[in-house]
Structure formats: structure tokens, C-alpha cells
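Chemist: Sharing a structure here in C-alpha cells format.
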């Protein structure tokens, strides 16, 4: 009896020890640290935040001759709503513009001529400034365009983040052709679509970084000279012929080369860009009633701005119309 008691006690102690070890292992497996490491219980990684207007770089191309005639109109209207996102690229210093725009006025060393090299020089400056900004989208417009920031943001948000995007309005109903120089004095005929710069276009950063070998620094002008085409065509050439990308055509961009009167008033708030000018000898503007007369507002941009932003201080109040 005295010999069995220690054996029974030892067995009981051994059983308790095993149970204690199992319990300890169980609690270790359920510790907060282990729960966080369990794949099934991990929180999903949040994706990039939704695109905001401050993620977009808007470049306006102009020249000294249009500083007063065109730019002041833009500064009074849509640029007043996108001042932090908008950069104006010109060929000559302007004290008045400098006071209004500060560092957002970029004076290039480009010629004031309306030639392929001069236009490509300014586009190269726009592209390089965008790359240095770190922003998510590059949008180019001319100084006769009205940009609707709400419609622009709605359009850009619709594109998948993981895709290369080149969106704008082609000016032709067919691809353009170019002769691409080859070794041994040969040439190769290539064809591609491009978005006309006169209506504006946008490129996301993912695509812009891939374009850098042909578009950054002096290489954009070199590429333009190689195919003997202007800046907007060169953009399309790089994207489609060098990178295998594709233009996403959008009817929401407009230039003065189309019949703008065909747009109904109800459609205007949906358009990303609008324009004005003389086409085939006639004034080509959107059809929009008031609040300013055609004599007061020949471009109709001020009336359009009041339609989109009736709270603008210089817009006539609703009760006074």
C-alpha cells in the first residue's frame, strides 16, 4: 500500500502536467499576435484613395499674343475653381500673369511660333513638369478651352487603376499615318490614333512613366522631329506605336473644329471641355441663353460659368435675371 501511493500520485501529477501544457499551447495559439498573423483573419489592404481634383495636373498651353485675349477669361472662369491644379505654359514673361498665378505660370524657353518644334517644346515642358509633380493624372488643354472640373473628375474616376489610360477626342475619323525612319535609309509606314490637343486629353501616371524614354526631356522633341508631326500627334504615336496602347475616344472633349451649336443646354454640364473660335469664317460657340449677351460674352464662357457656378460673385443673381 505504501508503494502504490507514490505511483498513483506520480501518475496524477503527470496527467495534470500534460493537461497544463496543452492548455498553454491552446492559449498561445489564440493570442492577439497569432490572430493577426492568421491569413483568414487579416484585414484587407485598403486600395488607393478615391481620385480627387488635387490629384490632377492640368496644363494650359498658350503664347504671349493670347495672354490678354484668352488667358484672362480662363482665369476669371474655370481656372478660379482649379487654381491649385492648373499650370499655364507660355513662351514669354508677363508681370500681370505672374502676380495672378505665381509659380503656376511656367515660362518656357520655347519659341512663340506656331510651328511643330515650338508646340512640341511646350508639350515637353508640360510633360516634364507633370512627372516632377508626382500627381496621378496629366491633362492638357489649349487656351481656348473651358474645363469643367466636376465632369473631368467623374470621367477619370471611371477608369480602372491598374490600366494605362489615354483619353480624348480624335479629330479624324480614321488613324493618321506617319513614316518611321528605319536603319539603312529605309522607312516604315505606321498608323495610329491620337487625341487632338485642341479639345484636350488626359493620360494617367502609370502610362506617362512608360512614355518617358520617348517623351521626357529633349526626347519628346526628338520623337516629334523623327515622325515630322506636331505635339498631339506625337503623343498618340508614342502611346500606340511604341507602347502598344490605345486611345480611349470620348465625346466629352470639344474643340473649335466641331459644330458646337449642336450641343443642347442640358448637355453642357456633362461635357469635360468646351471651346470657341472661328470655323469656316463663322463664330463657333456653344448655344446658351444669358445671363450675358453675345456682345458682352462672345465666347459664352462667362455665361457657361454662371450656369455651372451660379454662386460666382460676378454672375447676375437669379432674381435679377
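Cβ atoms here come from the backbone N, Cα and C positions, even for glycine.
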Chemist: Swiss-Prot annotation N-linked glycosylation site: which of 29, 109 has it?
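Modeler: In Swiss-Prot, 109 carries the N-linked glycosylation site label; others show none in the record.
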Chemist: Restricting to the same chain and to sequence separations of six or more, state which residues have a Cβ under 8 Å from that of residue 202 (disulfide bond).
Modeler: 56, 137, 138, 139, 140, 152, 155, 156, 165, 166, 167, 168
Chemist: Would you pick out, from the disulfide-bonded residues 121, 139, 315, the residue whose Cβ has the largest number of other Cβ atoms within 10 Å?
Modeler: 139
Chemist: What's the CA to CA span in angstrom from residue 110 (disulfide bond) over to residue 143 (substrate binding site)?
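Modeler: So the alpha carbons of residue 110 (disulfide bond) and residue 143 (substrate binding site) sit roughly 16 Å from each other.
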Chemist: Should residue 110 (disulfide bond) be counted as helix, strand, or coil on the basis of DSSP?
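Modeler: Where residue 110 (disulfide bond) sits, the three-state DSSP reduction gives coil.
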Chemist: Tell me the coarse DSSP state (helix, strand, coil) of residue 139 (disulfide bond).
Modeler: strand
Chemist: Just counting, how many other CB atoms are there within 10 A of the CB of residue 232 (active site)?
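Modeler: The Cβ of residue 232 (active site) has 23 Cβ neighbours within 10 Å.
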